[in-house]
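So that you can see what the record holds, here are the features copied from Swiss-Prot:
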- Lys179: active site, proton acceptor (ACT_SITE)
- His297: active site, proton acceptor (ACT_SITE)
- Asn127, Thr177, Lys181, Arg298, His330, Ser382: substrate binding site (BINDING)
- Lys205, Asp207, Glu208: Mg(2+) binding site (BINDING)
- Lys205: N6-carboxylysine (MOD_RES)
- Lys337: site 'Transition state stabilizer' (SITE)
Amino acid sequence: MSQSVSERTRIKSDRYESGVIPYAKMGYWDASYTVQDTDVLALFRITPQPGVDPVEAAAAVAGESSTATWTVVWTDLLTACERYRAKAYRVDPVPNTTDQYFAFIAYECDLFEEGSLANLTASIIGNVFGFKAVAALRLEDMRIPYAYLKTFQGPATGIVVERERLNKYGAPLLGATVKPKLGLSGKNYGRVVYEGLKGGLDFLKDDENINSQPFMRWRERFLYCLEGINRASAATGEVKGSYLNITAATMEEVYKRADYAKQIGSVIVIIDLVMGYTAIQSAAIWARDNDMLLHLHRAGNSTYARQKNHGINFRVICKWMRMSGVDHIHAGTVVGKLEGDPLMIKGFYDVLRLTTLDVNLPYGIFFDMSWASLRKCMPVASGGIHCGQMHQLIHYLGDDVVLQFGGGTIGHPDGIQAGATANRVALEAMVLARNEGADYFNPQVGPQILREAAKKCGPLQTALDLWKDISFNYTSTDTADFAETPTANV
């Protein structure tokens, strides 16, 4: 016997509630949820629109970054909805604010394709940042579970193997970015590489926007750089290198340049963050297959990482890039010309260098996390640093870092080689003093160590006279929520 329309409607209503329902009532908020070891966890800084309850805003973010749309859909009945819904399980007010909240959200691991950063980010940051229920939204931190991490390759080389290849231990590595970064001919570019390496640097590097322009095509640059590397290595007896930028318009062209770099003897190439997550992972797989180091310039990151209330915190980018498989990434200097709160920078470096992360709120680390045996990623400090800051750089950044003095090498009045020598002597003098127990970070002691070293090194004395104690101390935009730091109160 056929059922009446009213009877069918009654049965449907018993099984399924249609229409627009608050996200919190649809299962995207669960204060009693027990976090599972296999969950992907995300911490968002939420600024709800006026009149929007913080819990509802958190649930909305959870819903829109997982399975929800604006209305209930009957096809929910065809899925394991309870399992696949992301669950906001905790909302805390952000210290020292009146309209911001930390929302903790758990995602079932099966929501994400294995080993695909593009798929992970398509959910976590794909749609929710334009959602009307929130006035601003920032992804502050993530916990990637062991099971999901193991589907990513991580850095192919890592810090330990890179040091073995260079035969350099117990101190930062030294580098410089060729300046001016645009306009040099290939021959002059190669000369800069040679002079810097011969003067004592371990690396020179292409900058983010030197690719293949009319004034210097990529093949010309690669050949002259390798000539400079080989001559400097022969003259010094040290392993040297220069990061060759293979960033291009298509992956076909990226691979073409990468293959050529390998063929002529390069050991390291560089790509830019603006290439995109799929391109970065593809380049990392190529680097692993070809036994090459992969350096990542974070070009473009501050368009979404710098503002405190909206975007993506750079510590999350650090996690994603370590998962993707880059060996180096620019991660801040504290004392240079670019954004860099000391506690935030230390948090970035911990994310890249530690095997296990513990909750450290002053550093902005909200989750315990094991790196599941993925290799460590070498942080790079670059942008407005010079040898007179060596005591500060070593104190803040430690040993496992590449210190890149671009202008601080090439801007030396006596030439590029002299600038490189000044940096090398300053580094070795400071490391030696530290190892002997000196209070090198003391503002009276550190500069004096450099002055003593300069008595036997003319290039260092010239550099100290030129740049003195210049630093770029501005109030940081992105500061710790749970501690005050010096640059936040300049």
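Cβ coordinates come from backbone N, Cα and C, glycine included.
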Substrate site residues Asn127, Thr177, Lys181, Arg298, His330, Ser382: biggest Cα-Cα distance, Å?
37
Which of these binding-site residues is closest to His297 (active site, proton acceptor) if you go by CA atoms: Lys181, Asp207, Ser382?
Asp207
Reported as an integer number of Å, what is the Cα distance between Arg298 (substrate binding site) and Glu208 (Mg(2+) binding site)?
8
Candidate nearest Lys181 (substrate binding site) in space, where candidates are the recorded positions Lys205, Asp207, Glu208, Lys337 and distance is Cα-Cα
Asp207
If you measure C-alpha to C-alpha, which of Thr177, His330, Lys337, Ser382 (recorded positions) come within 10 angstroms of Lys205 (Mg(2+) binding site)?
Thr177
Sort out the sequence-distant neighbours of Asp207 (Mg(2+) binding site) for me: same chain, 6+ apart, CB within less than 8 Å of its CB, listed by position.
Thr177, Val178, Lys179, Lys181, Asn245, His297, Gly406
In three-state terms from DSSP, label His330 (substrate binding site) for me.
strand
For Asp207 (Mg(2+) binding site): DSSP state (helix, strand, coil):
coil
Neighbouring CB atoms within 10 angstroms of the CB of His297 (active site, proton acceptor), all protein chains considered, total 27
Apart from Lys205, Asp207, Glu208, which residues in this chain have a Cβ no more than 8 Å from the mean position of the Cβ atoms of those residues at the Mg(2+) site?
Thr177, Val178, Lys181, Asp206, Asn209, Ile210, Tyr243, Asn245, Ile270, His297
Rounded inter-Cα distance in Å - Lys337 (site 'Transition state stabilizer'), Ser382 (substrate binding site)
9
Measuring Cα to Cα, how many angstrom lie between Asn127 (substrate binding site) and Glu208 (Mg(2+) binding site)?
28
Based on DSSP, name the secondary structure state of Thr177 (substrate binding site): helix, strand or coil.
strand
Lowest local Cβ density (other Cβ within 10 Å) among recorded positions: Lys205, Arg298, His330, Lys337
Lys337
